[in-house]
């Protein structure tokens, strides 16, 4: 009896210790998120930095500190899970992308976007897969199967164009922004559909019948996922329109929109469809129909709530990727063969550059043949910008790599460990190095005139104080004349007159 009671007390103490560790981890992570937001805002106007790179660097620095404190045992305060990423973090990002998209530009360039996002991703997938198979077999990095090589193609075909989109201006370059933005979403969806199809099929003996079945399954998922997203968006519009006749409730409207959007994502997961495509088109349909059936207060609330959720999810992902990159367990397996890991990373970066160029320039040429107006054509500078925008790799690549090459985030197999560490290296290098060069490159290729910059500033200020679509001010216009939009906010000014900045 005494032994049983002692065992129970030990288990209770261990449980409390575990709960306390979780609370400490969450406190630290929330504090880091706040730091990322503040520093990202302060560094927003710099020539090189953006919020994604800021979060990645803060995550890496935090990982180093934790690694030193733990005596080299761990650099993590949370365990990475691809389920956490795909079920909780990705939905708000993709839904907000569809909800905030400028539909006129998106559908005007829909065929070009699908050309880049679907056909282009397939071309990149083929080049990376066969290039990796041909080169990695010579390096003898481990027993990778044909399914692994095809998965590598899908993993590194998934782009992350956040850095470029933060630099581009929707009002100054609507065509370019629409193409980069639309292609990024369709690209992620295509990569995930390809990855899921690879895992579903037995690809040990590929023949024409399996290839046709694979292609048929791919287009089946694409079409059905889009249809489900459209249906979910229309259902939300119908429910909100019929449910609150004469008695609109902002709380219920916002809650219903959020839940129905998330339901569309989970239904796609339930039926093994592309949840990314589903929730993206659900967001587009909701912004076109559902949004106009709610009150003005609900319009303002949903617009900013969805944007804030998406923003937090993006920062969370980059922060964790930076922290997880220094996890000692992943690098321990490959420490005896660092040259192989560096070689694999270099080859993957080269294949990414080649795979991207192999479709951007030829498909741009084909797209230009169908355009009559010079404004609708993609000139060489725009093509280079589109090519560059897709060179960064992010959390989608990380999550897919974990899914393919690890079990519960861990692996002791050399080939799998090399692929995980190489994925981390490619994500870090492309996000930081390519990301740092993005601002000056885009500014050089797409210079904004002084007049257009002034116009964009005026548009931003008008939309900040009064949204013409909503017919409702977002901020109070009292004392508007005292507000100087070009005034630089610094810590020195904050300490001199804190009331001016806090009230």
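Cβ atoms are placed via backbone N, Cα and C, with glycine included.
According to Swiss-Prot, the feature transmembrane segment maps to residues 23-43, out of the candidate ranges 2-22, 23-43. Relative to the membrane, residue 296 and residue 336 are listed by Swiss-Prot as lying on separate sides. Here the transmembrane segment (306-326) touches the transmembrane segment (23-43). Their Cβ atoms form 3 or more pairs under 8 Å, with each pair 6 or more residues apart. A distance of 36 Å separates the Cα atom of residue 293 (N-linked glycosylation site) from that of residue 50 (N-linked glycosylation site). A distance of 32 Å separates the Cα atom of residue 50 (N-linked glycosylation site) from that of residue 368 (N-linked glycosylation site). For the recorded site, residue 368 (N-linked glycosylation site), the DSSP three-state label reads helix. Taking Cβ-Cβ distances under 8 Å and a sequence gap of 6 or more within the same chain, the neighbours of residue 368 (N-linked glycosylation site) are 377, 378. Away from its own ends, the topological domain 'Cytoplasmic' (241-265) comes close to residues 91, 95, 228-229, 232-233, 235, 275, 278-279, 282-283, 286, 290, 293-295, 297-298, 301-302, 305-306 of its chain (Cβ-Cβ under 8 Å, at least six residues beyond either end).
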